[in-house]
């Protein structure tokens, strides 16, 4: 019996151990093919059963396996890659977390038996509570969202219906505004036509003789003059106007009186450029031209001072000559200082390079303002040379005229006196500074004391000389301007000689009106430009301190051209008064005495070396009565009419602006829907004016929908801009809304700041948190009812 038992034991020992079988996890059969794992392969650190890890219950060898996707083994797609916790429908874990010692499932089914306690009752209760809260928040949010979307749809319908009405109203307002503007234009046009007609009528009456001409009128003043003489009259009238002190306040180098006379004659010139000025003859019956002219006249009629009046189509009257802007700089300069503000005079009494710097610079200024200098360097030299030549010719003519002789003499003498005073003052200053030193060195010697000088008197003389030199230069500016306007502007563009004659007559009278010249000034100009009076022009004798250019013309006399007496009686009477007025005053005698002794004068009288400062005419001058008649003012009735129409226009314009703003708001809504700017179904519309914030650390982050985003420190009202509203989008996977703000303040050595808000469903709109995951890129977590839609409900199984 015993051998039998031994035999049986031997047989049993010879049988193989009970082997483990498990799915292989890969292969043609989809990993379901079984294979045997021997005892020595159990817990050997190698995962032979990747689907369930049964061969490695006490090691972590299979913890990295996810349905066959451990290292070097392709995944088995036919099997689930995650494990579904039996009691938690929403919890699926990867197989890599199997038997890892962490209890993922509430019942511990992901670990070996008895490793994890079953806490499903507690966990499931918490999940149910969370689900209930989420469902409640969703219900509130969805209801709110739906109401706002319905409200938006009503707003959209109202806006679409309102748009049609607003379009119609805007069209009506525009029509009403056009009617009022037409009425204003008509009233202004009538005023303009009256002014043009009046200027023409007065010019005709003053210039031409009539059968009823009386001895005490200016009728026939200009009729005998040739066109060339009329041009000279205008040019020298401009010259004298430029020498008046009032011209310095205008800060212009163009002849303002001539240009204003041109406005009344319906003649406008553009700015003088390169020795030319293009004339534009305004046609009063052409709507736009008539309107431009009428606007100029209305503006001018409201101004009491000529310096505020306009003479260009644009509001800018600046002529942009360099001399004008330089001369009016604050502070005075010595006459002999050689710099950009003043240029020393040469032997002819004019500043060195007067033409070169003044008018060549003017052309350069004009060209520099309107064109890129880099593109015109070659053309500028030729243009400036042409300008220089044209202006030189004009200036040479002015210098050689009888009218300019006293000015030339004065400028020459002014230079000599200025140099002498400067040297004397410098010498006196040097003597004073060395006086103490010389006294010490020559204490025992008898030093001859120098005669003291009247420093204040000499400085006053210098200041007076400077003012008069500036006045003369200003006069030449005006005169050159007038010649350009008349010869290069008017004469070259007017083919009809009768029209040219009429234009010159109107411009001559108008220039006399606006220049404030007197009848005595007219007589002086006549002596210089009319051959019957300027016989003394051949007298080239040296000018002295007491020389007056009008001595040879006194007593004044009249001449006859045809049947017309020239000048008229009122001008002759004014000349007689001028000739009989004593000019050799005490101051002039003192200055001339110093001149005779080759000494420097301590006074500077009017009329010195034949130059008298030019002053505006008196109120009793006959030209003043003509000016009063010429200047058609705006009476009370016209002003009231304009005020009423302007008020009506302002009301229409205000209503138009408000209506356009209303239309803009409507279009913003209507187009916003088309462009999806308000999100899905217009869900963002109700939030478009809202801002929300959250505090994170020491900063407060604020975002405004359709506005801006900012980072604020503490309680500061302002902060760092994180960007402006950019866009709103929808995340199809999560159902979240993605709101973006871009182009914020640039980070130091980094990108521009930006902010992104990720919005999930919530009963209220609020910012939950803010973070900066990357440099200057901010991410905010938000809740809002706008995300409580059906997609969110389905995703979370609510």
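Yeah, the Cβs are placed from backbone N, Cα and C, and that goes for glycine too.
Bear in mind that TrEMBL entries carry predicted annotations, made automatically and left uncurated.
Keep in mind it's a predicted model, so treat the numbers as computed, not measured.
Ranges compared are 107-148, 149-190, 191-232, and TrEMBL records coiled coil for 149-190. Here TrEMBL gives region 'Disordered' for one range in the set 404-426, 427-449, 450-472, 473-495: that range is 427-449. Looking at 635-669, 670-704, 705-739, the stretch flagged in TrEMBL as coiled coil turns out to be 635-669.
This prediction places the mean pLDDT of the coiled coil (635-669) at 92. Residues 284, 287, 290-291, 294-295, 297-298, 638, 641-642, 645-646, 648-649, 652-653, 655-656, 659-660, 662-663, 666-667, 669-670, 673, 678, 681-683, 685-686 of the same chain sit 6 or more residues outside the coiled coil (149-190) yet have a Cβ under 8 Å from a Cβ within it. Using DSSP to sort the residues of the domain 'MRH' (689-790) gives these counts of helix, strand and coil: 4 helix, 63 strand, 35 coil.
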